[in-house]
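Shown next, in structure tokens, is the structure this report addresses.
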Amino acid sequence: MNLDEVITGVVLAGGKARRMGGADKGLLELDGKPLWRHVADALAPQLATVVISANRHLDIYQASGLKVIPDSIADFPGPLAGMLSVFQQVAGDWFLFCPCDNPCIPHNLVDRLAAQRHGAPVVWVHDGERDHPTIALINRAVEPQLTAYLQAGERRVMIFMRQVGGHAVDFSDCKEAFVNVNTPEELAQWQKRP
């Protein structure tokens, strides 16, 4: 992949946030700003454009000035539906997806994923212990397979990523960058860090 190619960053902010009591996780504050803003700010120096994929509180996200992509499938169908909506509504071939609850992504995330692509249409982060398939560099070429996968009622991200020939990229040297905020207790722990 030519690193000069345009890659669009996408903050995934459309989850149900069951472990957060249904609160819109992207709008929860950490260090005085919403979680989604931490991710967008980390992606902005790495990419030409950043958009937000969301399915509620669209007006609040739109007030940021960033383009907001609503889910084209109703009822919180998961991150793959958000990805499909982005493919349907945003021009470009490459997209870097990152969930709104990963406030400390590395400054070289895009370069590292792109450098390890080796011709694959999808690469995602592996922190040395677990996969993070929603932190992924994905080519639009997978859109037809993604459409069929979702129409078949499938929602499992890892299975889809492997089906289209993707692979993980090792980020075990910065595992702590991929700790996410899933519960009120985890958010409280983040608030206490130095």
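Just so it is clear, glycine is given a Cβ too, placed from its N, Cα and C backbone atoms.
According to TrEMBL, the feature GTP binding site maps to Leu12, Ala13, Gly14, Lys25, Asp71, Asp101. Shown in sequence order, Gly14, Ser53, Ala54, Asn55, Pro77, Ala81, Gly82, Ser85 are the residues of the chain, 6+ apart in sequence, with a C-beta less than 8 angstroms from the C-beta of Asp71 (GTP binding site).
TrEMBL lists Asp101 with the feature Mg(2+) binding site. In the three-state DSSP assignment, the secondary structure recorded for Asp101 (GTP binding site) is coil.
Helix, strand and coil counts from DSSP across the domain 'MobA-like NTP transferase' (9-158) read 55 helix, 38 strand, 57 coil. Feature annotation from TrEMBL assigns domain 'MobA-like NTP transferase' to 9-158.
Non-local neighbourhood of Asp101 (GTP binding site): Lys25, Gly26, Leu35, Asn180, Val181, Asn182, each in the same chain, at least six residues away, with C-beta under 8 Å from its C-beta. Neighbour counts of Cβ atoms within 10 Å were compared for the binding-site residues Leu12, Ala13, and the top value is held by Ala13.
For the GTP site, whose annotated binding residues are Leu12, Ala13, Gly14, Lys25, Asp71, Asp101, the maximal Cα to Cα separation is 18 Å.
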